[in-house]
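First the structure, in the form of C-alpha cells, and then the observations on it.
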Amino acid sequence: MLKLIGSLVLLASAAEVIASPLAESVAPSITLEKRASCTFSGSNGAAAAMASQKACSTIVLSNVAVPAGTTLDLSDLADGTTVIFEGETTWGYKEWSGPLLQISGKNIKVEGASGATLNPDGARWWDGQGGNGGKTKPKFFAAHGLTSSSSITNLHILNTPVQAVSINGCDGLTVTDMTIDDSAGDTQGGHNTDAFDIGSSSNIIISGAKVYNQDDCVAVNSGTGITFTGGLCSGGHGLSIGSVGGRSDNTVENVSFTNSQVTKSDNGLRIKASKGKTGTIKGITYSGITLSSIRKYGILIEQNYDGGDLKGDPTSGIPITDLTMENISGKGAVASSGHNIAIVCGSGACSNWTWKNVEVTGGQTYGSCENVPSVAQC
C-alpha cells in the first residue's frame with residue numbers, strides 16, 4: 001500500500017513538472033489581447049468614455065452631449081489610443097473656467113470624421129469682454145502633454161467661449177487641417193478667442209489650419225521648434241510671438257510661420273517682448289506670408305509691450321535675435337489709419353536680422369521706431 005502511495009506521489013510531481021511549461025506559455029496570450037473599440041453617444045456618453053479610457057484602443061464619440069460644468073476629460077488614455085469625433089459634440093451651459101475638452105497621452109491620434117463638429121455654442125457666453133470680465137467663460141480644448149508623435153487631424157471647432165486650443169507640455173505633436181470658426185463673434189461679442197496658444201512645447205507642426213476669430217491666430221508664448229504652415233488667419237490679431245516675459249518659461253526659439261495668409265485682422269505679424277522682463281526670442285522666421293485688410297499694424301515688433309502695444313520706453317531684457325522676414329506680400333494691405341511697420345527695440349537688443357523682399361504698404365509710416373537693425377525697414 002505504501003509503495004502504491006509513493007508511486008502516486010511521484011506521478012503527481014511529474015505531472016506538475018510537465019504541466020508547468022504549458023501554463024507559462026498560456027500567460028502571454030492574455031497580456032497581448034487587444035483592447036476593444038468603443039462607441040459612446042448621448043448625454044451619458046462623456047461619463048462612459050471617461051470611465052473606459054484604459055479599456056478601449058479606439059474611442060468613438062458620436063453625437064455626445066457633455067453636461068454643463070463638465071470637462072470631457074480624456075487625459076488618462078492608454079498609449080496609442082485613437083479618439084474619433086462623429087456628428088456634433090455639444091456642451092451644456094455654465095459659467096466656469098473649463099476646459100470643456102482635455103486630451104493627453106503618448107502616441108494619441110485625435111480625428112474628426114467627415115462632417116463632424118465640436119460645438120460649445122460660445123455665443124451663450126459672449127458679452128464683448130472675453131476673459132477681462134463679465135461672464136466667467138470656459139476655455140475650450142486643453143491639448144496638454146501630448147507626446148510621442150501624437151496627432152490631431154480634421155477637427156472642426158465652432159464658436160468657442162474664449163480661447164480655443166491650448167498646446168502645453170507637448171512634444172512631437174502634429175495638428176493637421178483644423179478649422180476654428182468663431183466668425184459669428186465678430187457681431188455677437190466674441191473676445192479673447194485665441195485659436196492656438198502654445199507654451200512649453202517642442203517639435204510642434206500646425207498645418208493647413210483655417211482660423212476665423214477675434215484674437216491671436218497663433219500666439220507662441222514659450223517653446224522650441226514650432227512650425228505653422230499653409231494656414232489662413234481671418235478676423236483676429238495675426239501671427240504672434242508672445243507676449244514673452246513674466247512667465248515660468250520665457251524662451252521662444254526656432255519658430256517658423258510659412259506660406260500662410262493673414263486677412264481682416266488688427267495685425268499681420270507681431271512679436272511682443274514684455275517691458276522690464278527677461279527671456280529669449282531667437283530664430284523666428286516669417287516667410288511667404290500674404291497680408292490683406294490689416295487694420296492697425298502690418299508688422300509690429302516691440303520690446304515695450306505692457307498689457308498693450310507700444311507702451312513707453314523699450315527694455316533690453318528679452319533680446320530678439322536671428323529674426324528672418326522674407327517674401328512678405330502686403331502691397332496696399334494696411335488701412336490708411338494704420339501703420340505699415342512699427343519696430344521699437346531696446347538698446348542693442350535686436351540683432352542679426354534678415355529682411356528680404358518685404359512689401360507692406362497702404363498705411364502710415366510709424367514715426368517712433370527705435371534701435372532698428374540696419375537691414376530692416378520701419
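Note that Cβ sites are derived from N, Cα and C of the backbone, with glycine treated the same way.
Residues or ranges marked as signal peptide in Swiss-Prot (evidence: sequence analysis): 1-19.
All chains included, 16 other C-beta atoms sit within 10 angstroms of the C-beta of Cys38 (disulfide bond). Annotation source Swiss-Prot lists disulfide bond at Cys38-Cys56 (among others).
Swiss-Prot lists 147-169 with the feature repeat 'PbH1 1'. A Cβ distance under 8 Å defines the sequence-distant neighbours of the repeat 'PbH1 1' (147-169), meaning residues of its chain 6+ beyond its ends; these are 79, 85, 98-99, 105-114, 116-126, 130-131, 137-141, 175-182, 184-185, 190-201, 204, 213, 215.
The repeat 'PbH1 2' annotation in Swiss-Prot covers 170-200. According to DSSP, the repeat 'PbH1 2' (170-200) comprises 4 helix, 11 strand, 16 coil.
Summarising the annotation, Swiss-Prot assigns repeat 'PbH1 3' to 201-222. Outside the repeat 'PbH1 3' (201-222), and at least 6 residues removed from its termini, the chain residues within Cβ reach (under 8 Å) are 130, 163-164, 167-183, 185-186, 190-195, 228-244, 247, 249-252, 255, 257, 262, 265.
The Cβ of Asp215 (active site, proton donor) lies under 8 Å from the Cβ of Gly130, Gln163, His191, Asn192, Thr193, Asp194, Ala195, Gly236, His237, each of these being in the same chain and 6 or more residues away along the sequence. In the three-state DSSP scheme, Asp215 (active site, proton donor) falls into the coil class. Annotation source Swiss-Prot lists active site, proton donor at Asp215, citing sequence analysis.
What Swiss-Prot lists as disulfide bond is Cys217-Cys233 (among others), and the listing cites similarity to another entry. All protein chains shown were included, and the count of other CB atoms within 10 Å of the CB of Cys233 (disulfide bond) stands at 30. In this structure, Cys233 (disulfide bond) is part of a beta strand by DSSP.
The number of other CB atoms found within 10 A of the CB of His237 (active site), across every protein chain shown, is 25. Under the heading active site, Swiss-Prot lists His237.
Beyond the repeat 'PbH1 4' (247-273), the same-chain residues lying 6 or more positions past its ends with a Cβ under 8 Å from any Cβ of the stretch are 199-200, 217-218, 220-241, 279-303, 305, 309, 317-318, 320, 323, 325, 328, 330, 333-334, 360. According to Swiss-Prot, the repeat 'PbH1 4' annotation covers 247-273.
The secondary structure of Asn254 (N-linked glycosylation site), as reduced to three states from DSSP, is extended strand. Residues or ranges marked as N-linked glycosylation site by Swiss-Prot: Asn254 (among others).
As annotated by Swiss-Prot, repeat 'PbH1 5' applies to 281-303. Over the repeat 'PbH1 5' (281-303), the average per-residue pLDDT in this prediction is 99.
In the three-state DSSP assignment, the secondary structure recorded for Asn327 (N-linked glycosylation site) is strand. The N-linked glycosylation site feature in Swiss-Prot is assigned to Asn327 (among others).
Taken from Swiss-Prot, the feature disulfide bond applies to Cys345-Cys350 (among others). Shown in sequence order, Ile301, Gln303, Pro314, Ile320, Glu370, Asn371, Val372, Pro373 are the residues of the chain, 6+ apart in sequence, with a C-beta less than 8 angstroms from the C-beta of Cys345 (disulfide bond).
A sphere of 10 angstroms centred on the C-beta of Cys378 (disulfide bond) encloses 19 other C-beta atoms. Secondary structure at Cys378 (disulfide bond), taken from DSSP and collapsed to helix, strand or coil, is coil. Marked as disulfide bond by Swiss-Prot: Cys369-Cys378 (among others).
In the repeat 'PbH1 1' (147-169), the DSSP tally of helix, strand and coil residues is 0 helix, 11 strand, 12 coil.
Sequence-distant neighbours of the repeat 'PbH1 2' (170-200) (same chain, 6+ residues past either end, Cβ-Cβ under 8 Å): 122-123, 126-132, 143-160, 162-164, 206-223, 226, 228, 233-236, 247-249. Note on the repeat 'PbH1 4' (247-273): DSSP counts are 0 helix, 23 strand, 4 coil. Counting every protein chain shown, the number of other Cβ atoms lying within 10 Å of the Cβ of Cys217 (disulfide bond) is 29.
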